[in-house]
Amino acid sequence: MQVSSVNDVKIYNLSCGKSLPEWLSDRKKRALQKKDVDIQRRIELIQDFDMPTVSTAIKVSKDGQYILAAGTYKPRVRCYDTYQLSLKFERCLDSDVVTFDILSDDYSKLVFLHCNRYVEFHSQHGHYYKTRIPKFGRDFSYHYPSCDLYFVGASSEVYRLNLEQGKFLNSLQTDAVENNVCDINPVHYLFATGTAEGKVECWDPRTRGRVGLLDCALSSVTEDTEVEGLPSVSALKFNGALHMAVGTSTGQILMYDLRSNRPLLVKDHHYGLPIKSIQFQDQLDLVLSADSKIIKMWNKDTGKIFSTLEPEHDINDVCLYPNSGMLFTANEDPKMNTFYIPALGPAPRWCSFLDNLTEELEENPETTVYDDYKFVTRKDLDSLGLAHLIGSPLLRAYMHGFFMDIRLYHKVKTMANPFAYDEYRKDKIRQKIEETRAQRVQIKKLPKVNKQLAIKLIEEEEEADQQTLKKKKGKNLPNILSDDRFKVMFENPDYQVDEASEEFRLLNPIVSKVNEKRKKKLRKLECELALEQKEEEEPEGKPSDAESSESSDDDKGWVEEVRKQRKLMYFEERAKRQERKEKAREDRRTSLEPKFFEIKAGEEFRSFKDAARKQKLQKTTLEDRLKFEEKSGTLNVSDATVGSKQLTFKLKKTEQQQKQQEAEWQHHQERKKLRRAAGHLQSKPARGRGGSMGRGGRGGSRGRGRRPF
């Protein structure tokens, strides 16, 4: 049990306590429960009050006897009997549960809205019926007089399912694009739905007509709140006949009187997270609003904080046990939390012993997990000489190390290092000696980075100490050198101050004069540090220089120094500009000369186009490369008989084979030319014989046609 106090309100976390490792056997767990006093004092209010992975929703039946919770993985629902303080039954589901509701006084009638648009009904024996809605649902409410279920979700329509007739009725058409949440007033049964546009529409189930519209997005923006984006309605809850609370996705809760369109109170969580649950505590007029990080309890009339509750894991749902101070939460964790707040009310009847326990309990610090076991790494085992125990029952593998019994660890530690007590004694003696030397002059070691800045801070600290000695009521400000938040500034070289930069020179106009004095002091400290390393005894103190006091004339010469720095910067920039111009002129004068590249012996010169083509081919996709190789002839793609593709590659030939192939091709071309020349000489006719050479042949060719050679 963990006890915390916020605003003098004690909160008891009944789920917190010393837990046992899962890999322990039941026999060892029982043995530990008999021996360990802390485990015996642990309060397990309801047995197995958890889920395998995550719990998403939790509710209490109207008679107060049963607690039902939905979770994952695998999606399931569990029912706990408070009279028996144990699990009554567990049912696995087909998909994750968005939300569920209990229609009867006990667990005999349940309705589950799943993430896959299914609506599942369960009776006392188990699954009863399953149907489907047209759009994905986000919330639903039950109208008791007409036995209607109102479903809202990713649609502008509100679907109505009548459980008496067993059919869908005409839907309610809203002006919104999507509806997030809905609720029905338990007094006059007014139906209200919260939209994604930040509006709340109220409908009368008797006439099926809209009777009111509230713009909560506009009303949530006040002077004290910071809103990013459009606030949509994420939670909705009625309180009595006239009051209603609306939670937005930006972390505001608006309290409304149904007779007015303006909120009575706007409460901001200041986390910027969507409000997930709103509960009312009528005895103290409190509102319990929860987002994923925190549960806030505040007065519904004034907004004054009563108390806050911040669990270790993100919150999915909150359930307040009626007429008591018991609170259940469904978290992003296997264990479902149980909180008892005596200021909200007494303990429930089935756990009335909590009132007697809380009166006697005192605040105790939270115990660490696995007190009887020590976590060691492989390096620790090597140093202790226990590496041979890996794989034995004495070591339990966990993450990057092992768990071992704390008694074995202490025993081996004393055997491995028998002189530990002597070292401890020497450390204590060294501390005593350093305490006696506190009155002597000590040399302050400077950091490696930003030494001048460290000297400046030391000087300011000394001046502040002198002023506090003069004024008795002075308060010392924290020093940056001793603050861990600024430790990196004196260790990381990336944080080194660049004194040659323009910003530094303008923001520190008189830094040159001060730097000279600090450099002298820096040299002096370095010399003293070197002497300290050589000598065993500390050096005697030296009187401070009279030059350390800064002159008041620095303030007067501030303007002149700024002007000098600006003039220097102007002339430096002008000189750089002149150098750039001269360099540009020289570049223009120089003529471009060709560059020659030498090829090594045995290498063949290849054009730059081939290299560019190869680089381009490497950047292309596999499909383009296959097409290119297919065109070039090195690749052949064909279809097989079974419908798959067959690729055939041709290996590239060596240089010797290419030369031989080129010589053969040239020889083949020469032989071809000789054959053509010989055939031309044989087929050429003699002069004067052919009719085509004479005049008669010319006329005759017109009628008979030309004869080919």
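Cβ atoms are placed via backbone N, Cα and C, with glycine included.
Remember, it's a predicted structure, so these values are computed and weren't measured experimentally.
Among the ranges 21-65, 291-335, 426-470, the stretch that TrEMBL annotates as coiled coil is 426-470. Proximity of distant same-chain residues to the compositional bias 'Basic residues' (669-678), defined by a Cβ-Cβ separation under 8 Å and at least 6 residues beyond the stretch ends, is recorded for none. Taking H, G and I as helix, E and B as strand and the rest as coil, DSSP gives the compositional bias 'Basic residues' (669-678) the counts 10 helix, 0 strand, 0 coil. In the predicted model, the domain 'NUC153' (483-509) has a mean pLDDT of 74.
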